[in-house]
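Participant: Before we start, here is the structure in question, set down as structure tokens.
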Amino acid sequence: MMRPGVKQYVVTRPLYSEESFAQEHEKVYRHRKTTLDHIKCDAKRAKNAALSLFPVIGWMKMYRLKEWLLSDIVSGVSTGLVAVLQGMAYCLLASLPPWYGLFSAFFPVISYFFLGTSRHISVGPFPVLCLMIGSVVTRLVPDEGPVANITGFEGLSKDEQRVLVASSVSFLAGIMQLAMGVLQVGFIVMYLSDTLVSGFTTAAAIHILVSQLKFVLGLEVRGISGPLSIIYTLEIIFSKITSTNVCDVVISLVIMVVVFIVKELNDRFRSKLPVPIPIEVIMTVIACGVSYAFDFKTRYGIEVVGYIPKGYEAPMAPNLQIFQETAVEAFPMAIVGFAVAFSVAKVYSVKHDYTIDGNQELIAFGVSNIFGASFKSFAASTALSRSAVQESTGGKTQIAGLLSAIIVMIVTLAVGFLLEPLPKSVLGAVVIVNLKGMLMQFSEIPYLWRRDRPDCVVWLGTCIASILLGLDLGLAAGLGVELICVVLRVQFPRCSLLANIKGTDIYKDQKDYMDIYEPEGVKIFRIPSPIFFANIEFFRTKLVEAVGFNPLRVLRKRNKAVRMIRKLLKKGRLQWTSNGFLNTSCGPIHESEDESNMEELDQPTDFKDFPVQIDWNGELPANIIVPRVEIHSLILDFAAVSFLDISALKGLKTLLKELIRVDVEVYIVACDSYILEKLHDCCFFDDEVQPSMFYLTLHDAMLNILEKHPEPMQKKSDYEKILLLYPQDSGPQTKF
């Protein structure tokens, strides 16, 4: 009885198996495209391809000059000032002279303007990527000791050698990104979950913090790369802590405190401020003026940026030998650079209601890195803080990015000399302050532990591995942990036995509800995952536990019993009467130990030349014991099974045959139509395993079972709640 006012529905329809449904409802034929269809080209496809390759054409046609231009100009100038400072600051992470950061804030932006699909990200140096480049640079061109045996190093200074390494590995990363974009494998970034990226960037923040301590403390610390490099770097810093330059420490602390406070105010009063206060730029200008006025370099021994050459340097070809030396490191750089930029771009695209194309983003960043590396810049992505400035100051399109590149160009060509007295400790302090967002990700650990422990394991595993092993190996280790967690979740799913909720067509886990109905002799088993080579044995084990018997063991016992009874009948020690088997032997009958023809024990029970078919749940001749099978029907709920591989098909067919051979009727329900097609294509069906066992819904299968095996009178009321009516003209129908 439904409560008054509660919504309900009534449906009357025939009982459907998959076969009967297919006979009654004709499917629409859908032509599947061939490879030739995909490569055919016409004018429309050529136009779409051009628009896809150059997204600038699309958004420039809809550009609102009067409404957007002023906003883009304000955003471009603000972002350009930040890009100048961050380019020089992040360049220190790459172990390169600071002015090369200006190149990285200019050249990639130009390419991305034409090829990128995001309108709001600010392309340029990204601290994590810079640190990964720095580890490669210090490995091949260490601060102390001999450099790597690279042919192109002859006649170059140490800085020039490092620039060659950085630009070559950036060029290679760009080639990898471009290749992935052309091959349409932008989906690869989906393997980097938010949890993994969070753990990885947190570890990178720790590395960046440690790498900047030498500038903040004014110490000379050689660059170290490889596993445990962070430990060795800290060891050197603490061993030299007594040589700290107090002036550097004071400057850094003042910069960090002021910048931190103003950034917090910017966040708090974001809605009231027309433009965020560019505090990093302001403090940099003040620090430059004070350093120049009081001659910090001479009087206090502070290390400053120093000479900044005007203009751009001639393009340079990458070194192929460096390609061979850095291929392993270049791939994670390509993935990380794209993943971070794509994640930020996706956030802004949702916020401003436009679409971005992952494959086109790969092409855009690939071309940007190739183009930039040719002019001695290093791999570019996007810095979160810089993109936030471009978006929050009103940027509407990549025209703001282009204007920011023009600001960087003006500094490079004309006013770069004004930054020469800037202390490197100021740049280090700016880098450290901008790590706040990444370091705050530690707060995710308690939440992940409470909500999803496998995700917490991925976060911790990635973070710890990246801290101890380095960012490249740490990312690989994190991916390994993530894939193991995914495999374990799929390999060991939470299987369950279902039962009917009385008076409905709804079936739920029998452990979760009290008002349930379980027909006698029926089991409903659900596996909520794909079935494939890694979990087919787990599926079998769980199913055996659920039904309470091993069908193969029961089948072998039955065949042994039939073999033994046949021998006893032949010897006259056993006779068949109208009352059943009669033992004519005086001595006890022992079970035969004859193990010959073992493969016959796995075949269907053969009652040929037998006087009667044996009731295996009845009383058997003396000393013959066969495990009882308490169920007559088994329903397998495949609603959550998304695919089956060949190994699973073989294992499933074997299991179904074993169940059928011990007189258990098997029904498979809610199976995906594509899986059914695959079963037919793979010749899954035969005389024993037939398509008729597949039913459209679980309720259809249950009604069919209840018709074939009516419940005893004491359970008839429950039975009638499930099987409600049978019109004479249309056969069994359901009403629920």
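Each residue, glycine too, has its Cβ placed from N, Cα and C.
Dumping what TrEMBL says about this protein:
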DOMAIN    512-705  domain 'STAS'
TRANSMEM  69-93  transmembrane segment
TRANSMEM  99-116  transmembrane segment
TRANSMEM  162-189  transmembrane segment
TRANSMEM  237-261  transmembrane segment
TRANSMEM  273-294  transmembrane segment
TRANSMEM  330-350  transmembrane segment
TRANSMEM  362-379  transmembrane segment
TRANSMEM  399-419  transmembrane segment
TRANSMEM  457-488  transmembrane segment
Participant: Return the average pLDDT for the domain 'STAS' (512-705) as a whole number.
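Facilitator: Mean model confidence (pLDDT) across the domain 'STAS' (512-705) is 84.
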Participant: Cβ pairs under 8 Å only, please: of the recorded stretches 69-93, 99-116, 237-261, 273-294, 362-379, which one is richest in them relative to the transmembrane segment (330-350)?
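Facilitator: Comparing 69-93, 99-116, 237-261, 273-294, 362-379 against the transmembrane segment (330-350), the winner is 362-379.
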Participant: Other than its close neighbours in sequence, what residues sit by the transmembrane segment (362-379), given a CB gap under 8 Å and a spacing of at least six beyond its ends?
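Facilitator: Result: 53, 91, 94, 96, 100, 103-104, 106-112, 115-117, 123, 125, 129-130, 133, 163, 166-171, 173-182, 185-186, 312-313, 315-318, 333-334, 337-338, 341.
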Participant: Which sequence-distant residues neighbour the transmembrane segment (99-116)? Criterion: at least 6 residues beyond either end, Cβ under 8 Å.
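Facilitator: Cβ under 8 Å, 6 or more out: 53-56, 83-84, 86-91, 122-125, 163, 166, 305, 308-309, 312, 360-361, 363-365, 367-369, 371-372, 375-380, 398-399, 401-402, 404-405, 408-409, 411-412, 416.
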Participant: If I count Cβ-Cβ pairs under 8 A between the transmembrane segment (399-419) and each of 162-189, 273-294, 457-488, which range comes out on top?
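Facilitator: Maximum Cβ contact count belongs to 273-294.
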Participant: Checking distant contacts: for the transmembrane segment (457-488), what same-chain residues at least six beyond its ends satisfy Cβ-Cβ under 8 A?
Facilitator: 128, 131-132, 135, 191-193, 195-196, 198-200, 202-204, 206-207, 225-231, 328-329, 332, 335-336, 444-445, 448, 534
